[in-house]
Amino acid sequence: MNTLRYFDFGAARPVLLLIARIAVVLIFIIFGFPKMMGFDGTVQYMASLGAPMPMLAAIIAVVMEVPAAILIVLGFFTRPLAVLFIFYTLGTAVIGHHYWDMTGDAVGPNMINFWKNVSIAGAFLLLAITGPGAISLDRR
């Protein structure tokens, strides 16, 4: 039982950390590219959410979801970027998925997405603590 309890993944650890980095940011890259390509629509969407300073919010969203996410995959500035992603992910949860202010059919999906964002922030906290692993530009 102790073997399973203290299993450290041995030689597979660097590969598994790479897979984890990709998995954590994949959602940002997938949804960030359309935000970047349709930037005017992103600004309008931010305004519709009631985001403060919609233009700035759209710029932050695009920068975090595309280049910053790609840097996480590459394992470059991983720990500081992971900390930024914690704040970004929690901020988007509060701004974009404020289910407590909603009614009807909007409550359920937004509650799910709010708590998914909280879980993703937890994954970024783990990444900030563990670092990117050996298969990274940071190599730590």
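From the backbone N, Cα and C atoms, a Cβ is placed for every residue, glycine too.
Here the structure is a predicted model, which means the values were calculated and not measured.
As recorded in Swiss-Prot, the features of this protein are as follows:
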| type | residues | note |
| --- | --- | --- |
| TOPO_DOM | 1-13 | topological domain 'Cytoplasmic' |
| TOPO_DOM | 35-56 | topological domain 'Periplasmic' |
| TOPO_DOM | 101-116 | topological domain 'Periplasmic' |
| TRANSMEM | 14-34 | transmembrane segment |
| TRANSMEM | 57-77 | transmembrane segment |
| TRANSMEM | 80-100 | transmembrane segment |
| TRANSMEM | 117-137 | transmembrane segment |
* Residues of the same chain, at least six outside the transmembrane segment (14-34), with any C-beta under 8 angstroms of its C-beta? -> 61-62, 64-66, 68-70, 72-73, 75, 78, 85, 120, 123-124, 127, 130-136
* Asked: Short question: which residues 6 or more past the ends of the topological domain 'Cytoplasmic' (1-13) have a Cβ under 8 Å from it?
  -> 133-134
* Asked: Any residues 6+ beyond the ends of the topological domain 'Periplasmic' (35-56) with a Cβ under 8 Å from its own?
  -> 62, 65-66, 95-96
* When the pLDDT values for the topological domain 'Cytoplasmic' (1-13) are averaged, what is the result? -> 82
* Asked: Can you count helix, strand and coil residues in the topological domain 'Periplasmic' (101-116) using DSSP?
  -> 14 helix, 0 strand, 2 coil
